[in-house]
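A quick write-up on the structure given underneath.
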């Protein structure tokens with residue numbers, strides 16, 4: 001949204017311009033706290049809806065239950081929406097205790113928003129230019145990288161829909177001016193005055209001091225955040241190219257585990273390696289700061305016959321056969337519980353390890369699915385008895401995958417190893433053992 005004069009007279013036109021990409025959405029949800037920012041946003045939208053063909057408006061108030069005074073806010077918000085003719089919903093959430101009450105409340109709030117967004121819906125929130133400047137300062141003091149210093153994007157994916165912040169180019173002074181001219185009422189959150197919260201200190205003490213010396217400080221800081229956002233976009237585009245150049249095809253692609261060729265990545269500069277790895281791993285795990293990437297270098301530079309891994313918050317990165325593999329935390333745990341297969345005509349659900357089935361005529365006898373314990377031996381037609389470890393080596397099954405690989409037994413006889421050619425069924429091909437591995441959205445303890 002372009003900036004303008006501080007009186008805010010042109011806010012409706014500027015807002016309509018900022019929302020142009022979202023005019024075809026089915027519903028515009030408005031995050032409505034009852035404070036100044038969201039009150040002005042909702043009023044502007046309701047007024048615009050009288051003369052423009054806009055998506056349906058639906059206000060959502062999230063009650064965090066953190067202070068007694070907030071109990072009156074849902075009713076205030078309901079009355080405001082009733083007067084504006086806007087659909088209203090109040091949602092009470094539970095804020096999980098943690099080191100940061102602000103962060104926990106934000107997570108609970110956005111979880112509630114995400115739950116309500118349908119495909120193509122848009123959530124509109126009222127963050128403004130001063131909020132953007134505050135966010136940049138806060139993250140700068142925490143040592144954030146380019147992505148963090150880009151502060152709040154104007155739009156991003158949120159659940160099945162999108163989040164848009166159409167007021168990021170508007171100052172708080174403009175919002176206050178508009179609210180007074182329109183005679184709007186809003187609630188004041190007393191926690192915003194609590195100096196124990198770092199952002200409140202920046203808002204009430206640091207930014208006013210900066211603007212007293214540099215009147216355009218907030219506009220300059222917000223503009224810098226925009227420049228950094230553009231720089232991050234370029235870094236993302238470069239990383240996407242590097243990921244594409246490192247795509248790997250393995251015999252085990254059906255497992256659905258993220259895999260890249262190490263060679264093309266290792267040939268990049270150190271900074272570019274970290275950029276592509278951040279891009280690839282960001283949807284999969286929380287990442288360390290820039291001072292804690294020694295694990296990546298150790299994995300990258302380990303000897304060819306080593307089994308290096310880089311353990312991260314939500315899983316681990318492994319290396320095998322010239323590739324790097326991402327394993328979620330659940331995959332790190334070997335399975336040990338044997339499962340009896342009473343009716344091999346039906347698929348068998350394995351505890352936290354997907355499902356196996358038999359294609360063709362099932363072998364006779366008492367069947368069960370087990371996992372590697374060591375020293376297993378398998379009889380192969382024309383080859384005699386062979387150590388399972390050697391057979392898995394021949395099939396190039398990475399060692400870190402073997403602990404979850406289903407083995408079919410009849411009594412104590414190893415009959416088959418799921419999905420591995422030559423090991424997955426009977427010599428006469430009357431049956432095959434098939435395994436559908438657990439996917440990322442299945443529960444893995």
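Cβ atoms here come from the backbone N, Cα and C positions, even for glycine.
Annotated ATP binding site per Swiss-Prot: 33, 34, 35, 36, 37, 38, in sequence order, evidence recorded as sequence analysis. Neighbour count (other Cβ atoms within 10 Å of the Cβ, all protein chains): 24 for residue 38 (ATP binding site).
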Residue 35 (ATP binding site): tally of other CB atoms within 10 A of its CB: 16
Cβ atoms near residue 36 (ATP binding site) (within 10 Å, other residues, all chains): 19
Local backbone state of residue 37 (ATP binding site), from DSSP in three classes: helix
Near-site residues: ATP, ref 33, 34, 35, 36, 37, 38, CB cutoff 8 A to centroid: 32, 39, 40, 126, 186, 187
Proximal but sequence-remote residues of the same chain as residue 34 (ATP binding site) (Cβ under 8 Å, at least 6 apart): 61, 73, 76, 77, 80, 186, 187
